[in-house]
Amino acid sequence: RFIAKPCAICLGIQDSGAHRAQPNAILEKVFTSITKSPDAKRLQGLAKQLDWDERRVQRWFRHRRNQDKPTTLTKFCESMWRFTFYLSIFFYGIRFLWTAPWFWDTRQCWYNYPFQPLTSRLYYYYILELAFYWSLMFSQFTDIKRKDFLIMFVHHLATIGLITFSYMINMVRVGTLVLCLHDASDFLLEAAKLANYAKFQRVCDAFFMLFGVVFIVTRLGIFPFWILNTTLFESWELVGPYPSWWLFNGLLLTLQVLHIIWSYLIIRTASKALVRGKVSKDDRSDVESSSEEEEVTSNSTKGLLSTSSNGSNRLNGHVATAQWAGE
């Protein structure tokens, strides 16, 4: 409210939403009480009742759905908040872990386990991360529901489960490594989205390409060969097959499956951009085109994170994900 919004206004982002549908009592009643996406039979009946053609009725419902979606200014403020958190918590984690012995030697995570001290800096790092992911879990139900809702829901559940469970069993040393590794790429995606909303396309593309490289290196390289190696093999060697070992590693393997899915989506989006010089409509797009003219405009927009004529983000969250996203 006091920082992100003034920044958005300085960048020329206006607080204006999509084209509003013309007032119509009959269609409004259908929209609010029956369905927001009428089928062909209902469209035909409404067209006859209003003496409109079906295309006009369909366009009205598209406009009506879009006017309830968040504006570009709202999205900018949300992304700026996430960018601020991810960047701050990442540098806090790096600064904290730089002097931690287990950052340089992962076997230190298991020496004298579970009798390892919980310092105040480690405690606050854990609590801040847990609070943030709980906020993402709750806000997911109030935000616009996207097609990757289930994937993100599983991701938030696994993350919260890992943070809580590792804290309960004092497996916080390896937990800090997991948290810091995940934060390394998230702020880059939010930076790309901020540049996209501000229509700095080259900056947006550069941040997204950097995000893709960091994401793949950390999630498909460092995570399995550094994190999973110590939780699966070094812990088994130094501590033994304790009961919670199975649950903890099961959650980590669930995250790795999600990493593979997201990496595939990011690579697919980047490859399309390199081959065609543009990205087609993102499957997670939360705003629809209101007419054929708008669809043509959005499809002709260049860049990795293209903005359609109504200001929608084509790549929102962790999907080419990328919200997407993350996360």
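Positions of Cβ are set from backbone N, Cα and C atoms, glycine also.
Feature annotation from TrEMBL assigns DNA-binding region to 29-72. If you look up TrEMBL, you'll see 303-315 marked as compositional bias 'Polar residues'. Under the heading domain 'Homeobox', TrEMBL lists 27-71. Taken from TrEMBL, the feature domain 'TLC' covers 74-275. Summarising the annotation, TrEMBL assigns region 'Disordered' to 283-327. Annotation comment: TrEMBL describes 83-103, 123-142, 149-169, 207-227, 247-267 as transmembrane segment.
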Selection from 123-142, 149-169, 247-267, the stretch that has most Cβ pairs under 8 A to the transmembrane segment (207-227): 247-267
Helix, strand and coil residues within the domain 'Homeobox' (27-71) as assigned by DSSP: 32 helix, 0 strand, 13 coil
When counting Cβ pairs under 8 Å to the transmembrane segment (123-142), the leader among 83-103, 149-169, 247-267: 149-169
Model confidence over the domain 'Homeobox' (27-71) (mean pLDDT, whole number): 81
